[in-house]
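*Asks:* So that we are looking at the same thing, I have put the structure below in structure tokens.
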Amino acid sequence: MEDIEDVLGPAGLAGGGAPPGLRLPLSTVAVKPKRRSSRVAQTPPQPEARIPGTQVTPSLALTCGLLRHDPCDLTCATSLVLSVLQTIYVKTFGCSHNQSDSEYMSGQLSAFGYAITEEPEGADLWLINTCTVKNPSQSAMTTLISKCKNANKPLVVAGCVPQGSQGLKELEGISIIGVQQIDRVVEVVEETLKGHEVRLLSRKTLPSLDLPKVRKNKFIEILPINVGCLGACTYCKTKHARGHLGSYTIDSLVGRVKTVVSEGVREIWLSSEDTGAYGRDIGTNLPNLLNAIVAELPVDRSTMLRIGMTNPPFILEHLKEIAAVLRHPCVYSFLHVPVQSGSDAVLTAMNREYTVGEFRKVVDTLCELVPGMQIATDIICGFPGETDEDFAETVNLVKEYQLPQVHISQFYPRPGTPAARMKKVPSNDVKKRSRELTSVFESFSPYQGMEGKVERIWITEIATDGVHLVGHTKGYIQVLVIAPDSMLGTSADAKITSVGRWSVFGEVIEGSVVVGEAPKQTSNEPQKEQKQNQVEEAGCCGTESCGTCVCSDTVQHCGAEQCRNTPDAPQTSGDVDRQEAIQSTLVRRNVEGLTKAGESIAAAPSVGKEQQVDLVTRRGVSVDTILWCGLAVSFAVTVALLLLLTGKISSTSSY
């Protein structure tokens, strides 16, 4: 059965084999055939139902199956219709790479007819996509697993935890799916709903970039460019899950960029465990990829590119080429470069393969060559062996550069890593150092002096306060403006009116709004920001503030105490808080329907070039009503055809 390691029945069948009669499809899932006999299991699938990213609508599948008088087709179609009646609760922990995986899994489930929900209580199955960066994220996963078991819900656990810790006690008796098996999530969900335990963990080729996808935010495409990394950090658990470097080809990535741009995406986030290492396994490099992608971005600057996290070693030899790309009008002048410590001795113990001097070279060169360059970094406090002198060097580095984003974390020993066996710094000292460094960082005012300036901003999100829209400058500085929802997906000039510690506030200048080419959508209504695949940040849970993946870097909390993976309301100083309160009183955005999970469903994907699934939130019409009416019609047609078929069979038998 291909690479299924273990399939167990509800009674816990032993032997590592499948229960009698169990069969899973051997290629990309579209419609699951009936389990009849070995002859049926060997029957080649119908080509039209096996094209990745396509689907057959429930009513059409039923009708076609019945007209062909094929019992197997009828069973397949019936299975598809039944899946429409079931909902899947998807919970995501960790980095933007994990978020992208969840979007792909949700897309496939939606294409197969399942509804994705953010309400766990009413769901038929829970799908938890996990993060193994540090203890809090895994503890949150364990808590959620316990809640699911107590609620007696079928459960599938995906992501880095099951892939990197297959023998974990909490995963016993649970269906699990690995990081490179996300294209088979429908199989796993179906069998789990039947009461079987399925374990898919064997590594294979990279999942296709053209699978159906349900984006958390319609305007943002998270594009994984590679998996794994070339490093061997002594504290890293994610390497156990994501493995060695595996890069997508430039052609496949450029093709994906063309597709998402045509669909109206306004931001493309390049994501990976280490962006700078891209291509070293396939004979190319990051500058080659970036230049190829930039060439496909619209000249009207309607779609912006954001480069993901890169460790210093693999960007040093390409600094000038990277700087040239960061200066491009369609690329954010922003980069996340983790330093982790200001001490060379600690970096050596971490096996980070660079020095503090090399980190300085990266930052100094980029800031010199790229106007308005913004750098974010990560720091781990209390790594084993860190002395007071080592920590003082870290504090001095933070004071010297005063970077606008510093993600500060306490050290967490992860089981199975070399650092877990090193002599630990006393926990009280670790906490004290973390508080001290946070206090130093929060004493800076990185956006001071921006008042009165006019900045071009790209608007893609609604803040959780329901009042502001969230835009970003060329340097990816967050700007909060009060404007109509129709400005989502546009860019405009904004005058900065005030600054806070973590964000700045602005006013859109009338007449400056630029709208890109109208997106090619299968729906007649614009898609709102979705919460179905909300990223759970367990203390920022291993993510960096801009959302790119830092799985290979242990981080606990953003220095800004927020993560831009979600459009959090800003944390501001006193004056700004008062201004926001006044604005909230005078102008309150109507976000009805935006936060109502009951009005969010998976829109049917277009069968064509895009092969893309989006979630649509409708305001005026109850989508649930439309769905149930459609199901009723399909059921009525099915019954009528069954009666007709039965009559014909009976009349034939009478002869």
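Residue numbering: from 1, along the chain as shown.
Keep in mind that glycine also has a Cβ here, set from the backbone N, Cα and C atoms.
What TrEMBL says about a protein is an automatic prediction, not a curated fact.
Residues or ranges marked as region 'Disordered' in TrEMBL: 1-54. Among the features that TrEMBL reports, domain 'MTTase N-terminal' is placed at 86-194. Residues annotated as domain 'Radical SAM core' in TrEMBL: 215-447. Annotation source TrEMBL lists domain 'TRAM' at 448-510. Marked as transmembrane segment by TrEMBL: 625-645.
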*Asks:* Please count the residues of the domain 'TRAM' (448-510) that DSSP assigns to helix (H, G, I), strand (E, B) and coil.
*Replies:* 3 helix, 32 strand, 28 coil
*Asks:* For the domain 'MTTase N-terminal' (86-194), what are the DSSP-based totals of helix, strand and coil residues?
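*Replies:* Residue counts in helix, strand and coil order: 52 helix, 24 strand, 33 coil.
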*Asks:* Over the span of the domain 'MTTase N-terminal' (86-194), how high is the average pLDDT in this prediction?
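*Replies:* The answer is 82, the mean pLDDT of the model over that range.
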